[in-house]
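Q: Structure below; questions to follow.
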Amino acid sequence: MKSLIRRFLPPLALLGVLALLVYQPGAPVHLRNWGFHFLTYFPLPVSLLFWLSAALLTLWSPAGRLFGRGIEAWGHLLADGGASAFRKRIADTGIPVLLVGLFWILRSRYAFLGDNWLRYDQALRGIHLPYEWGTMVLFHQALKWIPAVLKIEPRVVLSILNTLAGLPYLAASVLLARVLGKSAYQRGFIQLGLLAIGALQFYCGYVEAYSWALAFIALSLAAVFRAFEGKSRLLPFIFFAIAVLLHAIAALFALPLLLLLVHFFSEPFSDFLERPRSGPVRLTALMILLGALASPLLMPELFHQYTSPRPGDLTLLQPALWWERLNGLILAAPLGALIGLPLLLRFLVKGDYQNRERLILAAAAFPPVVVLVLMKMVLGSADWDIIAFTGLPLILFASVWIRDRKYKETGQPLITLLLFLSLCNTWSFITINHGNASIQRIKDIIADDPAPYYQNHPPPMHAAFLFYSNNLQEQRREVLQQGVLEYPDDPRMVYNLAVACYESGELDKARYWTLEALARNSGYLPPVYLLYLIAGQRGDDHEKRLAGETILRAHDEDPAMTSRYIQPDQLEEVRNTVERLRSRGRTDEERNSQDHVED
């Protein structure tokens, strides 16, 4: 009886908690579940299939064994260290090429996540931010030459580039599975784990600055383990240097390279790596932790603060922030967050050091985890991709621990279930972003985002910008109409609705909402300029002249404020038009006066 409880209770409890958090029966608990809520966007048959599969894996041993055989079969495809060079070459190239093709088929339909449009604009203009210098140089040069030569739309070029970054990442995943897995099952488990991290979305047409950096981080880790086996000593450092040049976030993964470097030049330290001692490991972990905890005080512009005088700010002492972080870690890798993270803490606290591989992976996982969870992020829709970097080392650490422990039958259902959940979570994330369900999802996760960003940028306005950028005009108007009701005191909401109507050619509606925006805040200049444009389209010279005169008066009173909303060339056009309309008005008055005298 006890063995049955130990076997079935943990996975059943996990499924129960997951169901409660995803569906939230009863009174709302106001918990954002953007890291694992994907089932709610699928049709009912898909949801039922998921729960049935999870239940079978948990409760029916043949289903678990069948899943295990599938993992083992996948591991055989990867080829072990003793396989022929031809078989290895097939695994190293064939699997990555096939999977990258799948990534492209399932590429994101819309650019909703991250700073897609910002990166696109920066790449077009050649803006090279220092912390992502290499990636932006690559993007800019690609946009400079490829669209002109191959006649491909610039944004599609960036989608292709990021998808192609999947080739080195997948090649690294094969190498990592081969060097860390001692059997076909272990190789399959490790590589499938690396196909179950949220960062896989980087390689599905996602326009951001992270895909190539993550790929070279993975290559660097694989090269580190191969260097310990007598392979090239230089490649790990070359791959790592490229990763840092591509994005500075890769610097958080420097510790395994430091261990390798000292191993090369210090024979006593080489013995330490084989039989790690708790004292130095704990001291290093403590120093990293203290450095991370001090970062909010030393670099307040990058990290959340412990307290804030501004109401509504998320701070490090608020549960809401840590629930956001948990969502981010789960999206990064459910197996890594729920198993790898607790095991990593146990490894550092209890000193359960059995081999060199665990120490290297702990060195790869701990710095990015403790630093990234403290950084300022607008999670959910925007900066989920930063914390996603934790998924790679956490999934590797969890996989190696599971490999070493050789869990008995009582623990296997939980491990199998977690890998299944990880695969389902990541590929559901990719599938939803590939389809129209992503429209409703982005509205949901923006609407309840607790980030301070949305205090000054109401969610409907931000969603409207995303819909406009993706040419979803109907959704843009709908969300703005809802925003007008939710934020009646914000003139920007009414103004943006007026702009949406104007751009769709609905001039009467545009004029109505523009006048409504002015009625709510007569000092807000953008609606005045919009009224000027609408009057020109409608041929109403009188209203156009009045709007233009209002703009010119505002410029005379406060030039700095006017320049925030109206460009110099636009202002000059308004000035010339007003002068022309005034002259025409004077001519008409003189003509009318002359006609009156003649009569």
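Residue positions begin at 1 at the first shown residue.
Each Cβ is built from the backbone N, Cα and C atoms, and glycine gets one as well.
Caution: TrEMBL annotation is automatic and unverified by curators.
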Q: If TrEMBL is the reference, give me the range from 384-402, 517-535 marked as transmembrane segment.
A: 384-402
Q: Please report, as numbers and ranges, the same-chain residues at least 6 past the borders of the transmembrane segment (414-432) whose CB is under 8 Å from any CB of it.
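A: Residues 10-11, 14-15, 18, 36, 38-39, 41-42, 50, 53-54, 57-58, 64, 67-68, 71, 106, 189, 192-193, 195-198, 200-201, 204, 330-331, 333-336, 338-339, 395, 402, 407, 438, 441 contact the transmembrane segment (414-432) from elsewhere in the chain.
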Q: Cβ under 8 Å, sequence separation of at least 6 from the ends of the transmembrane segment (359-378): give me the contacting residues as numbers and ranges.
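A: Long-range Cβ neighbours of the transmembrane segment (359-378): 221, 224-225, 249, 252-256, 258-259, 273, 276, 281, 285, 288-289, 292-293, 295-296, 301-304, 316, 324-325, 328-329, 340-341, 344, 347-348, 353, 384, 386-387, 389-390, 393-394, 396-397, 400, 449, 451, 453.
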Q: Which sequence-distant residues neighbour the transmembrane segment (384-402)? Criterion: at least 6 residues beyond either end, Cβ under 8 Å.
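A: 34-35, 113-114, 176, 180, 186, 189-190, 193-194, 196-199, 201-202, 206, 208, 210, 214, 217-218, 221, 249, 252-253, 325, 328-329, 331-333, 335-337, 339-341, 343-344, 347, 357-358, 361-362, 364-365, 368-369, 372-373, 375, 377, 415, 422.
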Q: By Cβ distance under 8 Å, which residues at least 6 away from the ends of the transmembrane segment (283-306) in the same chain are close to it?
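A: Counting only partners 6 or more residues beyond its ends, the transmembrane segment (283-306) has Cβ contacts under 8 Å with 313-317, 321, 348, 366-367, 370-371, 374-376.
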Q: What residues in the same chain, six or more past the boundaries of the transmembrane segment (38-60), come closer than 8 Å to it by Cβ-Cβ distance?
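A: Those are 8, 11-12, 15, 19, 22-23, 67, 413, 416-417, 420-421, 424-425, 428-429, 432, 437, 440-441, in sequence order.
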Q: Is the transmembrane segment (192-225) packed against any residues at least 6 beyond its ends, judged by a Cβ distance under 8 Å, and which are they?
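A: Beyond its ends, the transmembrane segment (192-225) has Cβ neighbours at 71, 74, 99-100, 103-104, 106-108, 111, 113-116, 119-120, 132, 134-136, 138-139, 155, 158-163, 165-169, 171-173, 175-177, 179-180, 231-232, 235-236, 239-240, 242-243, 246-247, 249-250, 253, 256-257, 260, 331-336, 357, 360, 364, 384-386, 388-389, 391-393, 395-396, 398-399, 419, 422-423, 425-427, 429-430, 433-434.
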